[in-house]
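Quick notes on the structure that follows.
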Amino acid sequence: MSDGGKSSSSYFHFFAGLNSGILSAVLLQPADLLKTRVQQSRSSTLFGTIQSIASGPNPVRQFWRGTLPSTLRTGFGSAIYFSSLNALRHRASLGAAGRADAAAKGAEHSSSLPKLSNTANLATGAFARTWAGFIMMPITVLKVRYESNLYAYNSLFTASRDIFRTEGLKGFFAGFGATAVRDAPYAGLYVLFYEQSKRKLSSLATKIEQTSGASTKLSTSTSAGINFVSGVAAAGLGTTITNPFDAIKTRIQLMPERYGNMVQATKKMYMEEGLRCFFDGLGIRIARKAVSSALAWTLYEELIRRAETLKEVVEDKI
């Protein structure tokens with residue numbers, strides 16, 4: 001098995017991340033839109049929001065409102081994130097003591113990506129996500145505004161022009177503080193939980209296959225299943241811990257003049273609505289994050305595995 005970071009080109013990771021991000025964004029846009037609508041007002045409920053959209057004109061189109069900015073944000077955001085994460089993880093693995101021994105011990109594993117310590121997984125995941133989030137923040141602001149029913153934007157150009165005219169360039173980075181505080185811990189915790197879960201499930205699956213007399217090498221379907229289950233579990237834990245920051249971020253991006261910055265928003269939300277408002281949209285976010293993260297990571301790892309396999313075949317023929 002490859003170490004992933006060494007044999008696969010950074011282009012593989014960029015395009016694998018791009019494809020996995022686009023697919024998950026398109027499939028799960030309705031959940032993202034519902035989360036935004038529920039978080040924008042204390043009076044909104046999930047059922048009421050679904051009923052309101054479904055009874056309105058063009059319900060199917062309305063559920064996928066904002067798909068273009070979501071696809072741009074998630075697609076290119078995932079591409080930047082995965083390629084940055086791979087570069088950081090590969091660099092960290094080169095400097096880790098006992099790397100060769102660690103790789104040998106982890107030979108029967110559902111992933112071909114570099115194996116790092118828990119601290120390194122936490123740090124690289126957090127840094128890569130913050131960097132990708134900063135680059136994609138203008139698209140994120142456009143996405144949230146476009147999904148909300150507080151604004152009557154007819155196009156992304158109209159939304160961009162209005163934000164720039166009323167708020168200036170800083171308007172495109174509204175909520176970045178809350179986003180970074182949410183995304184950095186989430187991404188770090190996700191990579192940490194994801195890698196731990198994969199390691200344990202891979203070890204368990206290998207023992208089961210050895211007991212049954214099958215090959216000790218995990219099959220493609222088994223590896224994909226392990227990666228998907230690990231992604232769901234990691235997303236659920238990370239999402240629950242970081243949801244308050246997501247709720248704060250959404251309020252700032254939708255109503256910057258009312259909520260100002262992260263500290264002001266936190267105080268105002270708590271004083272006016274209590275602790276519960278920080279967990280608005282948690283159920284939708286867990287469901288969406290669990291599926292989107294698991295889908296994106298499983299597809300990403302499978303594309304990388306296939307790219308490496310193809311590369312090895314080509315190199316063997318040369």
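Each Cβ is built from the backbone N, Cα and C atoms, and glycine gets one as well.
The annotation repeat 'Solcar 1' is assigned in Swiss-Prot to 8-91. Mean pLDDT for the repeat 'Solcar 1' (8-91) in the predicted structure: 86.
Taken from Swiss-Prot, the feature repeat 'Solcar 2' applies to 116-200.
Positions annotated as repeat 'Solcar 3' by Swiss-Prot: 222-306.
Per Swiss-Prot, the feature transmembrane segment maps to 14-39 (among others). Same-chain neighbours of the transmembrane segment (14-39): 45-46, 49-50, 53, 63-67, 70-71, 73-83, 144, 147-149, 246-247, 250-251, 254, 280-281, 284-285, 287-288, 291-292, 295-297, 299-300, 303-304, 307, counting only residues six or more beyond its ends whose CB sits under 8 Å from a CB of the stretch.
Among the features that Swiss-Prot reports, transmembrane segment is placed at 66-92 (among others), with the record citing sequence analysis. Non-local neighbours of the transmembrane segment (66-92) in the same chain are 4-6, 8, 10, 13-22, 24-26, 29, 32-33, 113-114, 116, 120, 124-125, 127-129, 131-133, 135-136, 139-140, 142-143, 146-147, 156, 187, 191, 292, 296, 300; each lies 6+ residues outside the stretch with a CB under 8 Å from one of its CB atoms.
Annotated transmembrane segment per Swiss-Prot: 122-147 (among others), in sequence order.
Residues or ranges marked as transmembrane segment in Swiss-Prot (evidence: sequence analysis): 175-198 (among others). Packing against the transmembrane segment (175-198) from elsewhere in the chain are residues 81, 85, 109-111, 115-116, 118, 121-130, 133-134, 137, 140-141, 226-227, 229-231, 233-235, 237-239, 241-242, 245-246, 248-250, 252-253, 256, 261-262, 265, 293, 297: each is 6 or more residues past its ends and has a CB under 8 Å from a CB in it.
What Swiss-Prot lists as transmembrane segment is 226-252 (among others), and the listing cites sequence analysis.
Swiss-Prot lists 281-299 (among others) with the feature transmembrane segment, giving sequence analysis as the kind of evidence.
Break the repeat 'Solcar 1' (8-91) down by DSSP state and the numbers are 70 helix, 0 strand, 14 coil.
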